[in-house]
Amino acid sequence: MNPTKFYSDAIEYWNGIEPSVNGMLGGLGTGRIPQVDAIASRTFLRRLDYRLKKIESLIAADCGAGIGRVTESVLLKVASHVDIVEPVEKFVSQARTNLQDKPCSFICTGLQNWAPEKNRYGLIWNQWCLSHLTDDDLVAYLLSCSESLCEHGVICIKENVSSFTESFDEQDSSVTRTDDSFRKIFQRANLVIIAESLQHGFPDELYPVKMFALVPKPSK
(Lines of atoms letter the chains of each structure in order from A and count residues from 1; the text may use other names and numbers.)
(Lines give C-alpha, C1' and ligand atoms only; values in the text may rest on other atoms or scores of the structure.)
Protein backbone atom coordinates (compact mmCIF):
# COMPACT_ATOMS: atom_id res chain seq x y z
CA MET A 1 0.00 0.00 0.00
CA ASN A 2 1.30 3.45 -0.96
CA PRO A 3 0.53 5.61 2.10
CA THR A 4 0.54 8.88 0.14
CA LYS A 5 -2.04 7.54 -2.32
CA PHE A 6 -4.00 5.87 0.50
CA TYR A 7 -4.46 9.22 2.25
CA SER A 8 -4.98 11.37 -0.84
CA ASP A 9 -7.61 8.99 -2.24
CA ALA A 10 -9.56 9.17 1.02
CA ILE A 11 -9.53 12.98 1.02
CA GLU A 12 -10.62 12.98 -2.62
CA TYR A 13 -13.54 10.70 -1.76
CA TRP A 14 -14.73 12.76 1.21
CA ASN A 15 -14.37 16.01 -0.72
CA GLY A 16 -17.12 14.62 -2.96
CA ILE A 17 -19.51 13.99 -0.04
CA GLU A 18 -22.05 16.57 1.06
CA PRO A 19 -21.41 18.11 4.50
CA SER A 20 -24.56 16.77 6.14
CA VAL A 21 -25.50 14.04 8.62
CA ASN A 22 -26.73 11.97 5.70
CA GLY A 23 -23.40 12.43 3.94
CA MET A 24 -21.42 11.52 7.05
CA LEU A 25 -23.42 8.32 7.48
CA GLY A 26 -23.33 7.13 3.89
CA GLY A 27 -26.99 7.83 3.17
CA LEU A 28 -28.22 6.46 6.52
CA GLY A 29 -28.60 9.81 8.25
CA THR A 30 -32.31 10.40 7.67
CA GLY A 31 -33.61 7.41 9.66
CA ARG A 32 -33.07 6.24 13.21
CA ILE A 33 -29.34 5.45 12.88
CA PRO A 34 -28.05 8.81 14.24
CA GLN A 35 -30.22 8.57 17.37
CA VAL A 36 -29.46 4.88 17.99
CA ASP A 37 -25.76 5.59 17.53
CA ALA A 38 -25.73 8.56 19.91
CA ILE A 39 -27.72 6.76 22.63
CA ALA A 40 -25.32 3.80 22.56
CA SER A 41 -22.29 6.11 22.73
CA ARG A 42 -23.68 8.06 25.68
CA THR A 43 -24.54 4.79 27.44
CA PHE A 44 -20.99 3.55 26.87
CA LEU A 45 -19.52 6.75 28.30
CA ARG A 46 -21.62 6.39 31.45
CA ARG A 47 -19.70 3.19 32.14
CA LEU A 48 -16.59 5.41 32.37
CA ASP A 49 -18.08 7.91 34.84
CA TYR A 50 -15.88 6.50 37.61
CA ARG A 51 -12.91 7.98 35.72
CA LEU A 52 -14.34 10.90 33.76
CA LYS A 53 -16.15 12.51 36.71
CA LYS A 54 -12.83 12.84 38.49
CA ILE A 55 -11.67 15.27 35.78
CA GLU A 56 -12.44 18.93 36.43
CA SER A 57 -13.46 20.92 33.30
CA LEU A 58 -13.00 17.91 31.02
CA ILE A 59 -11.70 18.70 27.53
CA ALA A 60 -12.53 16.21 24.78
CA ALA A 61 -11.20 15.71 21.26
CA ASP A 62 -13.57 14.57 18.50
CA CYS A 63 -11.21 12.97 15.99
CA GLY A 64 -12.30 12.52 12.40
CA ALA A 65 -15.21 14.68 13.53
CA GLY A 66 -16.79 15.43 10.18
CA ILE A 67 -19.41 18.14 10.69
CA GLY A 68 -19.48 17.75 14.48
CA ARG A 69 -22.40 15.33 14.77
CA VAL A 70 -20.86 13.33 17.63
CA THR A 71 -19.66 16.45 19.41
CA GLU A 72 -23.18 17.86 19.45
CA SER A 73 -25.06 14.67 20.35
CA VAL A 74 -22.55 12.97 22.66
CA LEU A 75 -19.38 14.76 23.70
CA LEU A 76 -20.82 18.08 24.83
CA LYS A 77 -22.94 16.10 27.29
CA VAL A 78 -19.78 15.25 29.25
CA ALA A 79 -17.16 17.83 28.21
CA SER A 80 -16.75 21.51 28.99
CA HIS A 81 -14.89 22.03 25.69
CA VAL A 82 -14.37 19.94 22.54
CA ASP A 83 -11.55 20.16 20.01
CA ILE A 84 -12.84 19.20 16.56
CA VAL A 85 -10.10 17.43 14.55
CA GLU A 86 -11.00 16.86 10.90
CA PRO A 87 -8.97 16.81 7.64
CA VAL A 88 -11.70 17.89 5.18
CA GLU A 89 -11.97 21.69 5.05
CA LYS A 90 -15.63 21.89 4.04
CA PHE A 91 -16.60 19.61 6.93
CA VAL A 92 -14.72 21.84 9.37
CA SER A 93 -16.51 24.85 7.90
CA GLN A 94 -19.88 23.18 8.38
CA ALA A 95 -18.92 22.13 11.91
CA ARG A 96 -18.14 25.78 12.73
CA THR A 97 -21.63 26.69 11.58
CA ASN A 98 -23.33 23.82 13.40
CA LEU A 99 -21.45 24.49 16.64
CA GLN A 100 -21.05 28.26 16.43
CA ASP A 101 -22.50 28.87 19.90
CA LYS A 102 -20.81 25.87 21.51
CA PRO A 103 -17.49 25.69 23.43
CA CYS A 104 -15.46 24.19 20.58
CA SER A 105 -12.15 24.70 18.80
CA PHE A 106 -11.48 23.56 15.24
CA ILE A 107 -8.33 21.87 13.90
CA CYS A 108 -8.18 21.02 10.20
CA THR A 109 -5.61 18.24 9.82
CA GLY A 110 -5.33 14.51 9.19
CA LEU A 111 -4.99 12.35 12.27
CA GLN A 112 -1.65 11.04 11.02
CA ASN A 113 -0.36 14.62 11.18
CA TRP A 114 -2.06 15.81 14.37
CA ALA A 115 0.23 16.63 17.29
CA PRO A 116 -2.05 16.87 20.34
CA GLU A 117 -0.98 18.89 23.34
CA LYS A 118 0.35 16.72 26.17
CA ASN A 119 -1.86 16.18 29.22
CA ARG A 120 -4.76 18.13 27.64
CA TYR A 121 -7.58 15.64 27.17
CA GLY A 122 -9.89 13.77 29.48
CA LEU A 123 -11.54 12.05 26.53
CA ILE A 124 -10.37 11.38 22.96
CA TRP A 125 -13.22 10.05 20.83
CA ASN A 126 -12.51 8.30 17.51
CA GLN A 127 -15.49 7.15 15.44
CA TRP A 128 -15.50 5.80 11.89
CA CYS A 129 -12.16 7.40 11.07
CA LEU A 130 -9.33 5.05 12.10
CA SER A 131 -9.96 2.90 9.02
CA HIS A 132 -8.29 5.76 7.13
CA LEU A 133 -4.95 5.25 8.93
CA THR A 134 -2.31 2.67 8.07
CA ASP A 135 -1.41 0.25 10.87
CA ASP A 136 1.90 1.95 11.62
CA ASP A 137 0.34 5.43 11.59
CA LEU A 138 -2.49 4.20 13.81
CA VAL A 139 -0.01 2.90 16.38
CA ALA A 140 1.92 6.19 16.28
CA TYR A 141 -1.33 8.14 16.54
CA LEU A 142 -2.51 6.16 19.57
CA LEU A 143 0.85 6.61 21.29
CA SER A 144 0.50 10.36 20.72
CA CYS A 145 -3.06 10.31 22.06
CA SER A 146 -1.87 8.43 25.12
CA GLU A 147 0.63 11.17 25.93
CA SER A 148 -2.07 13.82 25.51
CA LEU A 149 -4.34 12.31 28.17
CA CYS A 150 -4.65 13.97 31.54
CA GLU A 151 -4.96 11.92 34.74
CA HIS A 152 -7.98 9.58 34.51
CA GLY A 153 -8.30 10.33 30.78
CA VAL A 154 -9.62 7.76 28.30
CA ILE A 155 -9.29 7.05 24.58
CA CYS A 156 -12.53 5.76 23.04
CA ILE A 157 -12.76 4.03 19.69
CA LYS A 158 -15.97 3.22 17.83
CA GLU A 159 -15.35 1.49 14.53
CA ASN A 160 -16.66 -1.06 12.07
CA VAL A 161 -15.20 -4.51 12.71
CA SER A 162 -14.82 -7.21 10.07
CA SER A 163 -15.88 -10.65 11.27
CA PHE A 164 -13.30 -12.65 9.33
CA THR A 165 -10.52 -10.84 7.46
CA GLU A 166 -9.45 -7.24 6.94
CA SER A 167 -11.28 -5.60 4.06
CA PHE A 168 -9.97 -2.76 1.88
CA ASP A 169 -12.55 -0.45 0.31
CA GLU A 170 -11.16 1.15 -2.83
CA GLN A 171 -14.05 3.62 -3.07
CA ASP A 172 -13.23 5.56 0.09
CA SER A 173 -9.70 4.21 0.64
CA SER A 174 -10.31 2.61 4.01
CA VAL A 175 -9.46 -0.63 5.81
CA THR A 176 -12.02 -2.42 7.98
CA ARG A 177 -10.04 -4.28 10.62
CA THR A 178 -10.89 -7.41 12.55
CA ASP A 179 -11.29 -7.44 16.31
CA ASP A 180 -7.97 -9.28 16.59
CA SER A 181 -6.23 -6.67 14.43
CA PHE A 182 -7.43 -3.88 16.70
CA ARG A 183 -6.25 -5.72 19.80
CA LYS A 184 -2.79 -6.24 18.35
CA ILE A 185 -2.59 -2.54 17.47
CA PHE A 186 -3.68 -1.55 20.99
CA GLN A 187 -0.97 -3.80 22.39
CA ARG A 188 1.66 -2.19 20.14
CA ALA A 189 0.51 1.21 21.40
CA ASN A 190 0.84 0.10 25.04
CA LEU A 191 -2.88 0.52 25.69
CA VAL A 192 -5.20 -1.69 27.71
CA ILE A 193 -8.95 -2.11 27.23
CA ILE A 194 -11.01 -1.11 30.28
CA ALA A 195 -14.43 -1.42 28.62
CA GLU A 196 -15.84 -2.68 25.34
CA SER A 197 -19.29 -3.03 23.85
CA LEU A 198 -21.04 -4.05 20.65
CA GLN A 199 -23.35 -1.50 19.05
CA HIS A 200 -26.93 -2.79 18.81
CA GLY A 201 -29.83 -1.62 16.69
CA PHE A 202 -28.05 -1.11 13.37
CA PRO A 203 -29.26 -2.84 10.17
CA ASP A 204 -27.97 -6.41 9.80
CA GLU A 205 -26.38 -5.68 6.42
CA LEU A 206 -23.87 -3.27 7.99
CA TYR A 207 -20.56 -4.27 9.53
CA PRO A 208 -20.67 -4.95 13.28
CA VAL A 209 -19.62 -1.84 15.21
CA LYS A 210 -17.57 -2.09 18.42
CA MET A 211 -16.68 0.42 21.08
CA PHE A 212 -13.44 0.24 23.06
CA ALA A 213 -12.28 2.35 26.00
CA LEU A 214 -8.50 2.41 26.34
CA VAL A 215 -5.98 3.73 28.85
CA PRO A 216 -2.18 3.62 28.92
CA LYS A 217 -0.72 0.40 30.25
CA PRO A 218 0.51 0.98 33.82
CA SER A 219 4.27 1.18 34.09
CA LYS A 220 5.80 -1.58 36.20
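Cβ from N, Cα, C; glycine included.
A TrEMBL annotation is a machine prediction, not a hand-curated record.
Per TrEMBL, the features are:
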- G64, R69, L111, Q112, Q127: S-adenosyl-L-methionine binding site (BINDING)
Count of other CB atoms lying within 10 Å of the CB belonging to Q112 (S-adenosyl-L-methionine binding site): 18
Residues near Q127 (S-adenosyl-L-methionine binding site) in space but at least six apart in sequence (CB under 8 A): S41, G64, V70, I157, K158, E159
Surrounding CB atoms that lie within 10 Å of the CB of G64 (S-adenosyl-L-methionine binding site), all protein chains: 23
